[in-house]
């Protein structure tokens, strides 16, 4: 930890606009001809003055008569001209009052402060070299929290901190171990099993628990360590010749991590307290730059962030020092390692020891209410201004001494009860990730113009993968008087969001409630109050939020549901289906819709036709939708079974979907327990491949297998077995999709699942599948899948929509009240989704739960409920 404080100056409105300009120009970089070397990093042309933004009267000014950049393709020049003029007006303030005031206390309530903040413009631009468009998923992925699971003599020894981290919804934690003690090691294992990634903090160079010991512990226990950080704040530890020792330690650490854990595990620079320490340490090997930007109870500012980045560059020269770099692509670790430029804040936060005295290394305290506001503001501002990940210090108060600052940095009290900041953060994560209305994947992010407010009114627009848009609005003004130790009044401001199209909107204030405080439908203008505590607005095009099932009863002229759904893939220009190479090289469903086996549930339909015609009709809807064929250790002649099914689909002009479900240690002893031995499995896969050969079928490989790696015995070397299976099935000409869990189970562990998928051979597969046998709504699954696809260099995916028409309710085993999802069909939009499929055999029980029969048994009552409730 560090006691450094933030600069007292705040960015001018024009400087804030310059940040948006830099980001927008970088986002549109693919349109532009190559810039001179000085500007080739993707930022706006630098001012000629050498003064820093805080020293310059107008740091963002550009010549209004400056020449328009030349487009790389002359056909794009009109678009570049239009964008350039818009950005010049934005930066130079044309249309706004140019009168400045020196009176910081003067209120500007009566003078509107327009701020055109667009999600659509940024998202629509071709991505430049750094892919700098910020997204909602990127923001959620930027949030981490520090823990001390080995502090067993403190509150961490009394409270289930792993459960708190899971409940909070964070995807990343920062911690490390200095021994093989079983209790903290078990906590690390639980974090890993929950899909939470670990940034491992290396023990100091004086520790007897060496680098080799630590990395071997990580490897032997299959911990979900996706990054390893250098030693912590050794410049503040009273160590002689600390710089030389840290330099040598970091060199050894970097080499050892890459050799032991692999090239895809990132190495983070060591953290330092004092600015002058950066120059003293100098450059050291690291993939990711590091800082500890404590503000001492003050509000985070753009200048503070810029200062931290510039200082970090002395240790990690590869960090992007443009303002802001804000490269959303770098929130994925593979991009950070391969491309460099990432900036992390591995400690930041505020303590609530209100009886403590600031000074002598002790930071000023804040109230718990102020902590909640400041922490959410800091996370949003950091992401907006170029910090790719922010780890809050820390999860849990270490003690209850209100005079001891180190006891009271937690998001939770020492007894595990939440502080206001924990509640607010949990609500923020949930809201940004999947709260409010959703949209269809073909929707474009909204263009949002913010009018009214004041110079302090700040907005951040975050498009979601499904086409909905999240807008964060807050007043960036001090909320706490450090000297007076009291809250400051921040005036509320009335602002208007002008969207330019009809949208459905919900308004959330995470610090107050997890529920929407206001909802509007079919509006193009939304009035709301901006306050210091961030307000989150979720927008989706009106009419684009229907996740309900598409009924096969909409068929015309005797078409099957699959044929009808296939029409959804036709283009607006010629009405022709998208032409894309099928098989391993393309979307297997683009020219041939998913197959509906006419024999599925035929006996059950006949059994009820006479006594219950409505039930029979409901079951027919399921049969017409088309379900996958599952094969496993129960299948007697797997080659013949697969061949007959896939050949029938081929003759019908459709694509068969086959699911392999025989991995060793299947379902970890739960309702679907079983599977083959590690010795039997490879030969069995060969038999499946023999049946698939030449049919152009798609195969879903082993539901749950990736998500459950290491969670039970008997799995063998599961990832190696899966890799071989992918190779064999791909060589048979099948389009292979590895199962990747679902958004409510593995959605918080994108880095981990991506790493496992790589080891399981996703590079040789078509991609992956999500939501298999689960109930999550399309929007949540697409958001998760797009984040995973981004991590996997654009891998394609399919989503199981068989039972997600009404979304999930937290249960996975025969939950009541579920409905059929959208019928199987190819997806042809700007996403990486190949198709929506009914992978789960609709009507079959999940297991002996909620009154159901054994797993895999057709349960007529549930099947009828699914279809009739739609």
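The backbone N, Cα and C atoms fix where each Cβ goes, glycine too.
Unlike curated entries, TrEMBL annotations are predicted automatically.
Owing to the predicted nature of the structure, the values given are computational and were not obtained by experimental measurement.
Checked against TrEMBL, the range among 435-487, 488-540, 541-593, 594-646 recorded as region 'Disordered' is 541-593. Annotated pair residue 704 (active site, proton donor) and residue 667 (active site), C-alpha to C-alpha distance, rounded: 7 Å. The local packing around residue 667 (active site), expressed as other Cβ atoms within 10 Å of its Cβ over all shown chains, amounts to 19. Residue 704 (active site, proton donor) falls within neither a helix nor a strand when secondary structure is assigned with DSSP, and so counts as coil.
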